[in-house]
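Record features (Swiss-Prot):
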TRANSMEM  25-47  transmembrane segment
TRANSMEM  69-91  transmembrane segment
TRANSMEM  120-137  transmembrane segment
TRANSMEM  176-198  transmembrane segment
TRANSMEM  219-236  transmembrane segment
TRANSMEM  266-288  transmembrane segment
TRANSMEM  295-317  transmembrane segment
REGION    879-902  region 'Disordered'
COMPBIAS  893-902  compositional bias 'Polar residues'
COMPBIAS  939-951  compositional bias 'Basic and acidic residues'
REGION    939-998  region 'Disordered'
COMPBIAS  966-998  compositional bias 'Low complexity'
Amino acid sequence: MPDRGGGPTGPRIRVGRPSRRVRTLLMTLGVLAVLGMAFVMFAGFWTDWLWYRSVKYSSVFTTTLSTKIGLFFVFGLLMAVAVGVNIWLAHRLRPPLSAMSMEQQSLDRYRMGIAPYKKWLLLGITSLVGLIAGASASSQWRTWLMWVNGVPFHQKDPQFHLDVSFYAFDLPWYRFLLGFGFAAAVLSLIAAALTHYLYGGLRITSPGARATAAATGHLSVLLGIFVALKAVAYWLDRYGLAVKSSDFKATGNWTGLRYVDANAYLPAKTILFCIAVICALLFFATLWRRTWQLPVIGFGLMVLSAILIGGLYPAIVQKFQVQPNEQAKEAPYVEKNLKATREAYGIDGAKVTEYPGKSDTTDKTKLRDDADATASVRLLDPNVVSPTFQQLQQMRNYYAFPTNLDVDRYSKDGKDQDTVIGLRELNLNGIPKNNWINDHFRYTHGFGVVAAKGTTADSEGRPVFTESDLPSRGDLKAYQQRIYYGEKTSQYSIVGGPQKEIDYSDDSGEKTTSYQGKSGVNLSSPINRAAYAVAFSEPQILYSGAIGEGSRILYNRTPKERVEAVAPWLTIDGDAYPAVVDNKIQWIVDAYTTTNGYPYASRTTLGDTTADSLTANNNQRAVVAQQNQVNYIRNSVKATVDAYTGKVTLFEWDTKDPVLKTWEKAFPGTVKPKGDIPKSLIDHLRYPQDLFKVQRELLTRYHVKDAQTFLSGSEVWQVPDDPSNKSGNAVPPYYLSMKMPDQQAQTFSLTTTLTPNGRDNLSAFMSVNAEAGTSDYGKIRILKLPTSRTVDGPKQVQSQFNSEQDIAESIRLLKGGDSEVEYGNLLTVPLDGGLLYVEPVYVRGGGLKYPLLRKVLVTYGGNTAFEDTLDEALNKVFGADSTTQPPDEGTTKPPTSSNPTVQEALNDAQKAFDAGQEALKKPDWQAYAKAQKDLEDALKRAEDAQAEADKASGGSKSGDSGKGSGPTSSPSGSASSSPSSSPSSDKSPSSDKSPGSD
């Protein structure tokens, strides 16, 4: 065992004070650390201010900042004062002499230990709770602004007859104040009790009285305040019943009072309020009675009442009054919920029409002509053909198209054309060498719009481009083609300085440019450069010679994040889409105002409701929600973002929305009136997809208007899974120009199908007029199918396509030669009482792996066709040819080459392709297989010959990449060599349609 004696254990080491030099060094390091942290915080604040000022929305920054600071200091100070005063008061009320007991003797050591630091300890505790409370309060800036600026809805709830604004704007703020009050009371009570215990005012094990009179009175007042706040909570809970959600009839977010709420919970809350008030008064009376006997009894009775009256009694009412006769008891409350929910989601005007689902028309020619007149069927699926755009129009590896393209309308010769559109955006992953200069100075922007007809493809299965090539040319005339702001521009760029930017490349080589716009933040100031160097953790910004006079930094460059930043009170639609408006590329962003405080309106979860097979594979299409659970939504704002200047403009769209009016009061001047929207922009506005997805989900239950049907659950629908893939995710809605049975002409519409809950047959077809500027824009039409007849739904139709023997054999052949078959959007069109289904079939051929339109599947009235073109398929299905003038299919001849070897191979490929088409018509599968092999051999020879020619000429020339280099309509999908491997254009710089820098 070690020696525990008192002998010497070795020399003692005395630790003296550090030398002056060490103290100076430590102090210097400490000061530098503090200054460094201060500058980091300053850099974040300063760069935010500079950005908001650059986009001319500085009022948004100052309003939100001042509100946050005000809430932080007010509530932080209130909490600090509440806790500090009670600690001080408990110390002031301490007994002059503590009892002589072991407990008090133990506490003496602590009292003596903290005596020299009492003031600092008090300051530290109050500062800590104040900081926490202030930070929590500052996060409620939206709640505060809505309460201060709230405008009435001019609609009253059916139970308490209060304006909806009370629930949407007032009640959330009152609940925050109540929560803050509870926190202050509890913290003060704990702090006071600990202080009383430390200084002898409270005793746990000592003999005699457990508390002094002063401690008893002090703690009784705090307990009385707590119970009084509980009384206020009971009173507010009465109104909270109108916005309370519950699981009712498999509707997890059913909102509003039910029978048990109105007849059990509501009177129970009133009774508990009265009991809590009496109990609070008993605690306050302790100041005079100096005993806790009555208040403790009262508090116990309050807890017992909460269990019996607030819990057991409603359960008894539900069990013995409601459940035996549920429909009769709940019907009046369900009617209130139906009405409020339909109003809150804007579906109260939905028109439901009975639709037979089967045509009685026997005139085949009429049916065939009606098919052309009813819809302009979009064969080009924007969610499939992005790789085709990429292959044919990428031009350079540092350009890319989005995963999902967009659908818009453009007029030509006075007629609207559904158009699939995408922007050739910057792709930093494709630049020759990644370094700081290349990533942020040289490669700064995309270039040009690429657009194609949505209703047709050329004879080779490729898109019929209406705008293409680099620089772009086509139907859109002159416009600013440079894209500095887009969905793929997620990194910052520094432009306008001495470093030139890569503009585009053509046959004559690379073109350079320098940004002439006014957006971005000027980096001429050393302070600005230092702030951004810290904010972006890029020290090069501070000292790089590539930054000079006129240099500007562009960031926050995606359309959605720019709109979200300038309007942080808006929920942003997941799909921003581009349009050429007034010679500029404008990103159009739909934005919503929401609340979850609309009485009796059932809630929905935006993230779940707007999810489908597209968002599952592309999270950039997910909605940007300010609050995920809502029970009121309006598409109140249409926003635009200029792709060149980055300018953000907010336009009022729903002029009656009280939530928008509230935010306009809070941020005056940020939203322009609806009348300021130019006609050229209105032509491209459309009904937003995310709002439509929310509405269709609600309409699966709320298409019924009577309570009995709702309660029976006999007409519950569901959104079907996407039949074109096996992901199990919901089918997305589709845009196409069509007319419903009660419409006289085609309109740009957003459509979807609905099936019975748990089954695959069709229940309803739903569409909304998506064409802004028309009289019935936003009108929802629902065609309800009869329950007495089974009408095939999308999944069943897809299954029929896959199981029909002739089609299955053709699909098997299309998959030959290392090709992949991909189904496009399965479109549904109501036609003469029946339903026409159309699905394009794409083939990704060989090693090129980009889809080309090969076949069209059509079914109507039990007849199915699988043909090369839509017209052929419709003719076969209806057994009659159209008597109307067919649209221009944009057929192009196979391209030629100046290289004799390549041209010879292309001629052989064309012959093989023609032979294969003839073999398919017979059908002669053996001959088709031989022609397929000959075609692949010929294309391989053409590709090899072209590669040799490019190598011999230094790779500076290539064919027109918009057309390819071979007859790419082979059923295997084999195609020309990749345009991206030889991306130069056949146009001179003079073909640049850009009107110049603006």
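Every residue, even glycine, has its Cβ placed from backbone N, Cα and C.
Sequence-distant residue pairs (6 or more apart) of the transmembrane segment (69-91) and the transmembrane segment (176-198) include at least 3 whose Cβ atoms are under 8 Å, placing the two stretches in contact.
Within the chain carrying the transmembrane segment (266-288), a Cβ under 8 angstroms from the stretch's Cβ atoms is held by residues 216-217, 220-221, 223-225, 227-228, 230-231, 234-235, 237-238, 241, 257, 294-295, 298-299, 301-302, 305-306, 309-310, 313-314, all 6 or more beyond its ends. Long-range contacts of the transmembrane segment (120-137) within the same chain, counting only residues at least 6 positions beyond its ends with a Cβ under 8 Å from a Cβ of the stretch, are 71-81, 83-84, 87-88, 114, 176, 180, 183-184, 187, 191. Here the transmembrane segment (176-198) touches the transmembrane segment (219-236). Their Cβ atoms form 3 or more pairs under 8 Å, with each pair 6 or more residues apart.
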